[in-house]
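According to TrEMBL, the feature domain 'Acylphosphatase-like' maps to 69-159. The active site annotation in TrEMBL covers Arg84, Asn102.
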Amino acid sequence: MVLPDPGARPSLANARAPSCARQSFRGRIPMSAHLAGVGLLIAFLSMLRCSVRAPGVNVSMAEGDTLISVDYEIFGKVQGVFFRKYTQAEGKKLGLVGWVQNTDQGTVQGQLQGPISKVRHMQEWLETKGSPKSHIDRANFNNEKVILKLDYADFQIVK
């Protein structure tokens, strides 16, 4: 894959790009910035409220429809306080899928999948709220990526 020259205007400004991309892109992102990867491009355009189609994929990406997957690990007093049960309940309430499990290191880890807005809400919940008796020191989120379909049917507690 060849990346564009960082000093050149990205090709989103051309006439083939959706009009919302041409209008919103102009002047908002420095010339030196460039997008890397089709997934980031799709996520970026969906934030602009564009309807786009990925090359070779027959999927409409309207606002909030972009599916993402993210791994997480929560540190603090998160075992023995029903953290997994509350995480599963919150995930289901938001319509997310994935899994949650305790680790041998005393943390809780898992994976979230769903619409980007719902995943962001769940990330905030994992960082700040958790179960009533938990105490969260920090939350790490890794391997975030745009996905075309969900890998799970529901939200499971893994034992």
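Cβ atoms are placed via backbone N, Cα and C, with glycine included.
In the domain 'Acylphosphatase-like' (69-159), the DSSP tally of helix, strand and coil residues is 25 helix, 40 strand, 26 coil. Per-residue pLDDT, averaged along the domain 'Acylphosphatase-like' (69-159), amounts to 97 for this model.
Using a 10 Å radius centred on the Cβ of Asn102 (active site) and all shown protein chains, the other Cβ atoms total 17.
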